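Reading through the structure tokens given below for one structure.
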Amino acid sequence: MVVLAGVSVIVFALVHLVPGDPIRLALGTRFDQATYDALRARSGLDQPLVEQFFGWFGRALGGDLGVSFRSGETVTSLIAERLPATLTLAFASILVALLIAVPLGTISALRPRSFVDRVATVLSQIGISVPEFWMAIVLILVFAGTLGWLPSGGYVPLTEDPGAWAQRLLLPAVVTGVVSGSVITRFVRSSVLEALGADHVRTAQAKGLPQRQVFTWHVLRNALLPLVTVTGVQLAYLLSGVVVVEIVFSWPGLGQLALQAVQARDYPVLQGAILLFAVVFLLINLVVDLLYTAIDPRIRR
Amino acid sequence: MTGQPVPQTAPSPDATEAGVRSTQRPPRPRWRETLGLLARNPTAAVAATVLLLIVLMAVFDETLAPAGPNEISVEDRLQAPSWEHPFGTDDLGRDILSRVILGAGVSLRVGFLAVAFALVVGALIGLLAGFYGRWVDDVLMRFMDILFAFPAVLLAIAVLAVRGPGAGNTALAIGIVYIPVFARVTRASVLGVREEVYVRASRSVGASDLRLLTRHVLPNAAPPIIVQTSISLAFAVLAEAALSFLGLGTQPPNPSWGLMLAEGRGFIDIAWWLAFFPGMAIFLTVLCFNLLGDGLRDVLDPRQRTLMAGGGR
């Protein structure tokens with residue numbers, strides 16, 4: 001809660017420090033003093049900053065994030081419009097990431113310093129280092145350009161046309177999934193390695209338990225905690241940080257909305273978006289903590 | 001092991017910190033020793049060499065580049081890679097190789113500045129929070145939590161919107177994003193050494209806080225910070241490219257790898273080399289910083305695990 005209040009103050013301050021008068025920008029060439037004053041009064045920009053802040057914060061708590069300067073729509077509806085695309089991409093990416101990371105990380109940990117392990121390490125290093133917008137451009141060139149198998153971008157809701165939805169989702173999900181998956185692979189490898197070396201695993205092996213049982217009950221369960229943590233961090237990042245990939249694939253998500261809001265000095269939209277991201281970040285942290293207690297009975301106490 | 005109880009890092013309420021465990025460390029390796037060990041790690045040695053070459057390339061860019069960055073020659077536009085133009089030319093007939101070489105300086109300068117800023121501010125905050133604990137810790141780290149709760153890319157974009165685009169502001173924006181990461185790493189590391197015997201011994205003979213911090217705590221808490229510096233440089237270069245790609249970082253006609261990628265994107269169907277080579281340059285630089293960071297971690301701080309926190313990735 002303290003964090004949320006702090007975030008709100010900083011968001012508000014930051015956004016209002018942005019030079020450029022949004023109303024003047026919105027009016028453009030149709031500028032005349034009377035309309036300008038009227039609009040200014042309507043959006044509350046003529047009030048002192050502190051009053052503006054408390055007004056905004058109070059309404060935000062009630063779910064009213066204000067009205068966009070540019071389009072006149074409410075910020076809540078703008079965000080709601082973009083939310084499905086962002087959620088789809090984020091969850092598809094994390095799925096791709098886990099599908100890559102869990103098997104790859106586990107195999108490398110089971111055979112440390114083997115050929116597979118070395119290959120996996122190199123691949124994850126490459127995945128972390130490759131600029132995702134570059135990978136996106138290359139994939140578009142290959143799959144949409146040369147091969148012509150997939151569309152180069154855009155978004156179709158699942159309910160409209162599931163086939164087109166999947167086609168358009170595949171490339172962006174792979175791009176962000178590979179990057180996140182590379183990060184997660186490293187965590188899976190090191191946490192499985194650590195769990196393998198623990199005393200209780202040796203005890204279980206000494207008791208003569210079958211390898212499979214030792215692995216599922218004693219190793220994987222212990223390796224799950226760091227995995228949950230890093231997956232949470234990655235999910236938070238995917239929900240907020242894939243602006244660049246959204247732009248390259250013309251994916252109508254929240255990142256794109258926020259970038260447009262910055263360019264148009266659309267304060268209410270930018271404030272709303274950043275606030276939402278911060279809330280999401282805190283929520284994910286909360287869920288991670290709850291999952292911890294579910295996985296590890298020692299934390300429950 | 002000294003037989004002394006090892007002070008454990010306080011369990012953090014924040015999930016992302018769980019990856020860092022700072023406990024007993026080997027005695028501080030000396031510079032020469034560190035370099036020797038690093039040289040025996042082939043991957044890290046190669047990465048360091050390549051980075052050195054990239055830095056040298058950035059320093060001597062004007063002598064090395066076969067053409068000026070903005071030498072326009074319309075009859076040579078969109079030439080495929082050839083002996084004359086190894087990386088081809090862009091839509092204005094500018095030599096891509098020259099622009100990649102000159103872009104190195106921009107990318108590295110922004111990266112180094114950003115990380116230096118984040119390192120100084122973040123490490124100072126982490127040092128004070130970890131060393132003094134109690135309310136100092138509460139206040140400082142709570143503030144870091146707030147900063148950390150911002151989506152990294154958007155925070156940088158917002159800072160750039162306030163300050164306007166350009167190399168210096170890009171460095172500042174990326175630097176601000178990384179302050180909490182350095183503060184957390186430093187704090188965790190300081191908590192690990194704060195109660196060591198030599199610190200208590202020094203305190204008992206009346207050493208001042210300043211002396212304790214500079215002579216004992218900081219040097220011994222340094223290894224994870226050094227590792228983090230190398231990894232952060234990787235992400236700072238990546239972030240600079242991303243921001244320039246979005247049109248918020250380096251402004252045309254200056255050559256910046258991210259900007260070149262953005263410009264080349266429109267020609268991807270007819271001239272792949274426009275976007276390919278700057279992308280390769282970013283990739284190679286970032287990869288080397290990451291590999292060097294891994295090598296440093298193996299040498300300096302084998303116990304610490306990757307802290308992949310926010311900041312672009």
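Keep in mind that glycine also has a Cβ here, set from the backbone N, Cα and C atoms.
Among the features that TrEMBL reports, domain 'ABC transmembrane type-1' is placed at A:83-292. If you look up TrEMBL, you'll see A:87-110, A:122-149, A:169-188, A:223-249, A:269-292 marked as transmembrane segment.
The stretch with the most CB contacts under 8 Å to the transmembrane segment (A:223-249), chosen from A:87-110, A:122-149, A:169-188, A:269-292, is A:169-188.
Tertiary neighbourhood of the transmembrane segment (A:169-188): same-chain residues 88-89, 92-102, 104-106, 108-109, 120, 123-128, 130, 132, 135-136, 139-140, 143-144, 150, 223, 226-227, 229-231, 234, 237-238, 242, 245-246, 249, 251, selected by CB-CB distance under 8 Å and a gap of 6+ residues from either end. Proximity of distant same-chain residues to the transmembrane segment (A:87-110), defined by a Cβ-Cβ separation under 8 Å and at least 6 residues beyond the stretch ends, is recorded for 116-117, 120-121, 123-124, 158, 169, 172-174, 176-178, 180-182, 184-190, 192-193, 196, 220, 227, 231, 234-235, 238-239, 242, 246, 251, 253.
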